[in-house]
Amino acid sequence: RFIAKPCAINLGIQDSGPHRAQPNAILEKVFTSITKSPDGKRLEGLSKQLDWDVRKIQRWFRHRRNQDKPTTLTKFCESMWRFTFYLSIFFYGIRFLWTAPWFWDTRQCWYNYPFQPLTSRLYYYYILELAFYWSLMFSQFTDIKRKDFLIMFVHHLATIGLITFSYMNNMVRVGTLVLCLHDASDFLLEAAKLANYAKYQRLCDAFFMLFGVVFIVTRLGIYPFWILNTTLFESWELIGPYPSWWLFNGLLITLQILHIIWSYLIVRTAYKALVRGKV
């Protein structure tokens, strides 16, 4: 409200919504109760009932569907908030982990487990991330509804489960590695969205391509060969199959499946962008 909105207005993004459909009780009832995209038979019936041309009714439904879509300014503000958080928490995580021994040697995650000290910096890093993902879980129902709603819902559940579960079991060392790795690409996607909303197409394309590279390298390269390797094999070797081993690794593998799905979508989008000339 006080930062993102003025930035959007300075970039020329208007707070004006799409063209509103003219009030009509019959069409509104069909739209809300039956269908938002009537077929040919229903259009003909409505045309006779209202004495309207079929094309005019189609136009009304198109305007009515667009009326519910959020404005570009709303989407810009939401993305700017997420960009700010992801960028801030990523740099906080990198700064904290740079001096942590387990950042350079993942076997350190399991030495003397579970009797590992919980420092204040580590505690705040965990609590901030958990609070943010809980906020995403609830706000997903009120924010802009996107096509990947269900996948994101599963992702938030798995993330909250992992953060909570690893905190309760004092697996916070490996948890910080997972969190930092995921934050590495998220702020680049939000930056691409901001550039897109502001109509800086070349900047948008550059950010998206950079996001795609970082996402695939971190989620399909570093995550399975660095994170899953230590949680599946190094932990088994050093501390044995502890009681929560199966659940913990099951959640981590669920995240990996989501990574594969998203990587496919990113590659497909990048291919379309190369063919069409823009994202």
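Backbone N, Cα and C atoms are what each Cβ position is placed from, and that goes for glycine too.
According to TrEMBL, the protein carries these features:
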type: DNA_BIND; residues: 29-72; note: DNA-binding region
type: DOMAIN; residues: 27-71; note: domain 'Homeobox'
type: DOMAIN; residues: 74-275; note: domain 'TLC'
type: TRANSMEM; residues: 83-103; note: transmembrane segment
type: TRANSMEM; residues: 123-142; note: transmembrane segment
type: TRANSMEM; residues: 207-226; note: transmembrane segment
type: TRANSMEM; residues: 246-267; note: transmembrane segment
Checklist outcome for this item: Taking every residue in the domain 'Homeobox' (27-71), the average pLDDT works out to 80
Checklist entry - Same-chain Cβ contacts of the transmembrane segment (246-267) under 8 Å, 6 or more residues past its ends? => result 151, 154-155, 158-159, 161-162, 165-166, 169, 171, 178, 211-212, 215-216, 219-220, 223-224, 227-228, 231-232
Next on the checklist: Same chain only, please: residues at least 6 beyond the ends of the transmembrane segment (207-226) with a C-beta under 8 Å from a C-beta of the stretch. Say none if there are none.
Outcome noted: 106, 177-178, 181-182, 184-185, 188-189, 191-192, 195, 255-256, 259-260, 262-263, 266-267, 269-270, 273, 279
Item to check | Secondary structure composition of the DNA-binding region (29-72) [DSSP: H/G/I, E/B, coil] | outcome: 31 helix, 0 strand, 13 coil
